[in-house]
Every structure is written in C-alpha cells, then in structure tokens.
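A.B. asks: Before anything else, here's the structure in question.
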Amino acid sequence: MTTPAPLTGLLPLNPEQLARLQAATTDLTPEQLAWVSGYFWGVLNPRSGAVAVTPVPERKMPGVTLISASQTGNARRVAEALRDDLLAANLNVTLVNAGDYKFKQIASEKLLVIVTSTQGEGEPPEEAVALHKFLFSKKAPKLENTAFAVFSLGDTSYEFFCQSGKDFDSKLAELGGERLLDRVDADVEYQAAASEWRARVVDVLKSRAPVAAPSQSVATGAVNDIHTSPYTKDAPLIATLSVNQKITGRNSEKDVRHIEIDLGDSGLRYQPGDALGVWYQNDPALVKELVELLWLKGDEPVTVDGKTLPLAEALEWHFELTVNTANIVENYATLTRSESLLPLVGDKAQLQHYAATTPIVDMVRFSPAQLDAEALIGLLRPLTPRLYSIASAQAEVESEVHVTVGVVRYDIEGRARAGGASSFLADRVEEEGEVRVFIEHNDNFRLPANPQTPVIMIGPGTGIAPFRAFMQQRAAEGAEGKNWLFFGNPHFTEDFLYQVEWQRYVKEGMLNRIDLAWSRDQKEKIYVQDKLREQGAELWRWINDGAHIYVCGDARRMAADVEKALLEVIAEFGAMDIEAADEFLSELRVERRYQRDVY
C-alpha cells in the first residue's frame, strides 16, 4: 500500500535524518518550503555567473489537475500514489488540496481527477466544502471541455456511503463534463480498488495527453509539500502510554480519559490541529465470546495478508469487531439463511438501523449459526486505526502527545459493550504499556499565521481537545491575539474537562472570554449554539476584527447546529439575509477563517 511518505528503504536518508529534517521544517509555510527546496537545488547545482532561466517547452503540454479531498488522510494517500504513477508515465500533473484549489478556474480544466472521501451524513470533507458548494450553486460554469474521473472513499457502516464522490461525479457530468471512467466507490478496505483504478486512469490519460519529456513532467500544488516521517499509518511508532487519567467526575454519565503517550527519542513531530492515529487490539474477551457463539475454538488456521494465523489472534489484531455494517448483516443473513435476518435483506433503512444498534457479536447471539473460520473472517472488515484530535503542543510537552478519549460504553440486553480503540486505551493498555501510533497531519485546521489574530474556539465534549493544544501553542509563543472558548457538556461539577487549566488561562489573561453551556444543570437544556446566539453582537465584532473561527466535535448534530447559529448571528448583526450570510461564511471558509475538525 502507498503511504503519505516514501518508504524509508527507498530513500537516501535514514530514519534519524528524516526525523531531523522533519523537525527543522515542521513550522514552515508552503512558500517557505518551496524556497528551501530551491535553495538546496542551488547548492547541489552551482553555476557560477549563470542566471536561472525557466525553459520554455516547444508546445504547452496538456496538464492533469488532480484534486485531493481528504478527511482522514486516505484520499490524500490515494491521490499522492496516482500523482507518482502519472509522473512515472511522464505526464504533467498538478496535485492540490481541495481547500487550496481556485475553483473558479475549473472551466479551464481539460483533464480533471478528483479523489474524495465522505464525512458525517454524506457531506464532503471539510477542505472540499467550498468547492462542493460552488459546483452546486448557480455560479457553476459549463464544463463541455473538461474530461473527468472520480474515485470515492467511504465506509459502508454509514448510511450515505461515498455520497461526496457521487455528488462530484454526477454534478461534473451534469455541467457537461466527459466522464473518462466510471466512478469507483471504495469501502474502508480500499487499497486493491485504488490500485486497479490508478492503473486505468494512467492508461486513459496517456491516450488523452501527449507524453512529456521527463524534464517537462512537473508536479505542483500544496499537497506536494508533504510531511515526511519514518513513521506512518503502515509503519507506526511503538510508543509508551505514560498517563491514563479519568477527567470526568465519579457521578458523570461519561467516561473521558486524558491519555499521555511518550514518543521517546523518535523525533516524531506534530502541530496543533493534527490527529493521532492509534492502532488497537480487540478485547480478547469479545473475541472469545464471538468464537464460542459460532462453535469454534479459536485455534483454527486462517490466512491474513498471505500469513497463516490462529483465528483468535487474527480477530484480535486484524479485523473490525465493534462496528457493524449493513453489508455484514446482509451477508450474514444470506450465508446462514437466518429466519430473523433474511426479512431485512433488500430494505436499506432496516439494514442500516439494525447494523447501527446491534454489534456483530450480538447479531450472532440473536441469530446463531455455525460458520467455519474462513467464512467468519470473510464477513468482516479489516481493522483500521482510530484518529484522535491531539490535545497538546510540542512547544510545551516536547516528546509527548496527549489525546482526550471519550470511552464508548453501553449495554445490549444487560451485556456490557465498548468501543474498540477507546476501551483499549482506557482499560487494556497498562501505564508504560506499548501502543502503536502515527501522526495524521491536518493542514486544514491550523492556528492563524499571525499571532495577533483573534481566535474563537467552539468545542463541546471531547471537541475541546485541539483547543487545549491551541492554547498551549499560543501561550508558548506569547501570541497577543485574543482567545475565546465556547465549551459545553452535561454538568458543570462532573464534566468540565481540563477545568483547572482553563481557569489558569483566564487568570493569566491568555483566555479573554469563556462561555460555558451545561445542558443538564437546569430544566431548559442549553448548548454551545445557544451561547453563540446569546453572544451574537460580540461574536460579530470579533469576526469583523478578523477572528478565525474553529469548530471541533460531533459532525452529525453539533456541527450543523453550530453552523446554523453562526449563520443566524451573521445575518442578524451583519444586516443580511440567510443566503448572503451563507455566502459570507463560505468566504470565511475559503480564507481559512472558518475551519472545522468534525467526526
């Protein structure tokens, strides 16, 4: 599988050199990175008295514009791999993040390829929201001279599987674009589909665009300034869990943990706004229960990625057990001829509801059957890492990384169930135990470059995590810009996450304003969006003063409710209608003044 960084075995740098290089460049802007690149090229190719001249090709080569619209990094990895394939075929390619793409130039594109994921309820990734809105607006141009292809990544456990890719594909065709290839919709196990699609794209584009001389093949755009690290999703760092502290009260309905992980001397670097990827082990007790329900022993040999493993080991480390999907329910029903599940087959809504409310182990318990080991793993999806917003800044914690974990716990007919990664960190990794981690960089959730810029942070629940990192960074830098936090949770006494730290920031003058919404401390429920409306006039003043707005947390409900409140505030105090307010907020998004990290 292709990773965000080249395989270290193919690089002229060893892991330590790569780590030092990353540490030296982690805070540089794309423009600064480009300058450094040119500087080293000049060092390598000194020409006394020569003036650098950009060679002009004999004829302009048709270029391929490749747009990466990524939420968790997978779409970016596919786009980067396709970029490399196109360069190897000597084709001109411009790879760009959707958030950096000047979408009004889309009418001039001849060859356009989009690799996109989907988030929430079928919404485009955060970095692609502006492009999506533009294409679906009255301003979208005709695209009769544009040929396009779309690769869509999704997760069949969600109702609106690959909806963003479906949207882009249908809209580009509706605007007159020529579809080069049928859209591909890939589930979480996307690698094989992506590899096949990439090969087809290269073949098609080679027939559409003349092959350039190697010196003419170029790759430009923000995505090319990637973060290089010897540790990746497929080659994670084996780190140490040093602190596991419950930060909700004993009477809280929530179990939230502050987790600290020691990165040692790995040199692994991150920035506020990045996420920590965590590979986890399924609960051995859950594996034992599932195996016994199917009348298996756990020692049956199965093949995983070409290796033979005992079934129990394969289930613990290689397969998703805590998230059910409509496809799994349908396939299990068909395979076992279950009388209770077969009536659901063909009814998408019922399948989705059943999968969302019934874990895999309970599906088997309620509809027992006998399967052999290979049939069982054939039903399951591969284990994927969980991403957690980083709650620390290395300017303060150095070789540590902190995350805020809401532990998923619930009962199914009296049987305790838990989330895979959250219970792994909270219950099964002892302090000083090993955990495999990597950094998922998120350049679409960054503090302002100007330290004097005001910042508005909206993060209920565990959405508070990146704002702890933001404040640590701003404090370490002595940033003079004002800071305003909106936080909410059920109860003040039980659920005020990092309360002492926020109070200290207020006392020190670093946190200029804090508005708190406790939804269960009074008869009428109060949420952060209510506080936004309550502070509308002051909020509008901050926006007019150039403030950047950040939202982190639940994508399904909170993010939409917060955006609705922001639109109402902009409309009321900006003296405009909702449509104009929506345009205003879209402009803030394009200017990177409205950024969201929602999940």
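Glycine residues also receive a Cβ, built from the backbone N, Cα and C atoms like all the rest.
Copying in the features that Swiss-Prot gives for the protein in this structure:
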type	residues	note
DOMAIN	64-202	domain 'Flavodoxin-like'
BINDING	70-75, 117-120, 153-162	FMN binding site
DOMAIN	234-448	domain 'FAD-binding FR-type'
BINDING	Thr322, Ala356, 386-389, 404-406, Tyr410, 419-422, Tyr599	FAD binding site
BINDING	Ser519, Arg520, Lys525, Ile526, Tyr527, Val528, Gln529, Asp561	NADP(+) binding site
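Can you tell me where each of these features sits in the structure?
C.D. replies: Taking the domain 'Flavodoxin-like' (64-202) as a whole, pLDDT averages 95 in the prediction.
Look at Tyr158 (FMN binding site): DSSP puts it in coil. A C-beta separation below 8 Å, combined with a sequence spacing of at least six in one chain, links Tyr158 (FMN binding site) to Thr118, Glu121, Gly122.
Note: Gly406 (FAD binding site) has non-local neighbours Lys254, Asp255, Val256, Ser422, Gly461, Thr462, i.e. same-chain residues 6+ apart with C-beta under 8 A of its own C-beta. In the three-state DSSP scheme, Gly406 (FAD binding site) falls into the strand class.
Mapped onto three states, the DSSP output places Ile526 (NADP(+) binding site) in coil.
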A.B. asks: Where the distance is taken from Cα to Cα, which of the binding-site residues Thr322, Ser519, Tyr599 turns out closest to Gly73 (FMN binding site)?
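C.D. replies: Going through Thr322, Ser519, Tyr599 one by one, the Cα closest to that of Gly73 (FMN binding site) is Tyr599.
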A.B. asks: Round to a whole number and give the Cα-to-Cα distance in Å for the pair Tyr388 (FAD binding site) and Ser70 (FMN binding site).
C.D. replies: 16
A.B. asks: Given a separation of at least six residues and a C-beta threshold under 8 Å, show me what packs close to Ser117 (FMN binding site) in the same chain.
C.D. replies: Ala69, Ser70, Gln71, Thr72, Asn74, Ala75, Pro125, Ser152, Leu153, Gly154, Ser164
A.B. asks: Helix, strand or coil at Arg386 (FAD binding site), per DSSP?
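C.D. replies: Once the DSSP labels are grouped into three classes, Arg386 (FAD binding site) ends up as strand.
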A.B. asks: For Tyr527 (NADP(+) binding site), which residues in the same chain are close in space, meaning a Cβ under 8 Å from its Cβ, but six or more apart along the sequence?
C.D. replies: Pro460, Gly488, Ala517, Ser519, Met558, Asp561
A.B. asks: Within its own chain, what residues at least 6 apart in sequence put their Cβ under 8 Å from the Cβ of Gly120 (FMN binding site), listed in sequence order?
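C.D. replies: For Gly120 (FMN binding site), the qualifying residues are Ala555, Arg556, Ala559, Val598.
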